[in-house]
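Visitor: First the structure, then my questions, so here it is.
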């Protein structure tokens, strides 16, 4: 009654080898792009201008971002652990194409458990490369050898064993780990004169967020704690600029013609690889363009997905629910807190989804592939940029949205075909 096993498929799911390899090949490009967006104040300001007027959560994050920039960044080393998620769109022709769902720049989970799923399926293959050696740069920072990595976690953590996998890898490398909540940071956290972060007198080298991506976790004390962390010299994974780079509004703006060229000048091949993964993305900002796309979606809601500026799964709207919400907000500035995306239509396959206390039965299923990316930047120089493993999640076709933690999808292993 306290612990359940992580849900998984009975059998590995077929994944087209060419699309799997395409997803891996483009991950370093996406790492480069996310990092470029996080450093571009003008782009973030312009892109998020409409959303922050109507979405208080994004506005509060952006306020901290601006405050930290205005007083000058203490952080000099930047660590990104992100995950780019895709589905295989069959479309009208039936030939599968890789289409990006989103990129997760904060609390990109299941790196730990998914590395063990292949063992469960007893399939031989190359083990996923370690994601975590990136933390071993104490010499670069010039910090105390006794400094720790701080996992920022929820009060009640259902996905704790995924985090423990990561934590154990660090302990095995003699890197000390502490687990703290926002409340602990508010009560125990402090900065010294050079803005080094201390928790209860102990120096913190890296803050690894597994919390902080949904509005419900923030009260005024927690916002104060977040500001303290962002003002510190500690390496944040992610820093607040990178969290903002992962918003849906940024995702939509990146698909505009010419935007990638401005953000990644001199990288035409990377731009081509990135753009090849984009689904149709549409702005709902006020004006003629937004009016037209809102009317199109209301008339044919099954073509689209309505996405708010939220992470964590279970937030997107489909079909009649999409139509009802858009009808309600179509003439309101509130619509600018959403974007529209073409609905991806993958080919279902049969599998068994194994969950605690659930009957074992065959289901029609669809899968979502995630590729983990890791990068480290020191000042302006990118010193590490890797694709660092994959995650396959599978769910029954009757569920339009929702991940593993939401109780919908299960862990899976790609069987390349």
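Cβ coordinates come from backbone N, Cα and C, glycine included.
Caution: TrEMBL annotation is automatic and unverified by curators.
According to TrEMBL:
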BINDING   83, 106-109, 157-159, 163, 210-213, 393, 404-405  substrate binding site
BINDING   102, 248, 307-316, 318, 341-344, 368, 395, 401  ATP binding site
BINDING   102, 104, 311  Mg(2+) binding site
DOMAIN    147-245  domain 'Glutathione synthase substrate-binding'
Visitor: Run through 83, 107, 109, 163, 211, 404 for me and report the binding-site residues whose CA is within 10 Å of the CA of residue 395 (ATP binding site), in sequence order.
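Guide: So far as Cα distances go, the binding-site residues lying within 10 Å of residue 395 (ATP binding site) are 404.
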Visitor: My understanding is the cutoff is Cβ-Cβ under 8 Å with a sequence separation of 6 or more in the same chain; which residues meet that for residue 158 (substrate binding site)?
Guide: 405
Visitor: Taking the Cβ of each of the binding-site residues and counting other Cβ atoms inside 10 Å, which one has the highest number: 83, 343?
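Guide: Sorting the candidates by Cβ neighbours within 10 Å, the top entry is 83.
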Visitor: Let's see if you can do this one: DSSP helix, strand and coil counts over the domain 'Glutathione synthase substrate-binding' (147-245), in that order.
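Guide: Helix/strand/coil tally for the domain 'Glutathione synthase substrate-binding' (147-245): 41 helix, 26 strand, 32 coil.
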Visitor: Which binding-site residues are spatial neighbours of residue 213 (substrate binding site) here, meaning Cα within 10 Å, out of 102, 308, 311, 318?
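Guide: Taking 102, 308, 311, 318 one by one, the ones whose Cα falls within 10 Å of residue 213 (substrate binding site) are 311.
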Visitor: Give me the count of other Cβ atoms within 10 A of the Cβ belonging to residue 211 (substrate binding site).
Guide: 19
Visitor: For residue 318 (ATP binding site) and residue 404 (substrate binding site), determine the Cα separation and express it in whole Å.
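Guide: So the Cα of residue 404 (substrate binding site) lies 19 Å away from that of residue 318 (ATP binding site).
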Visitor: Going by C-alpha positions, which of the binding-site residues (104, 107, 109, 163, 211) is nearest residue 343 (ATP binding site)?
Guide: 104
Visitor: How far is it from residue 314 (ATP binding site) to residue 404 (substrate binding site), counting Cα to Cα, in Å?
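Guide: Pair distance, Cα basis, whole Å: 10 Å.
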Visitor: If you compare CA-to-CA distances from residue 211 (substrate binding site) to each of the binding-site residues 102, 104, 308, 311, which comes out shortest?
Guide: 311
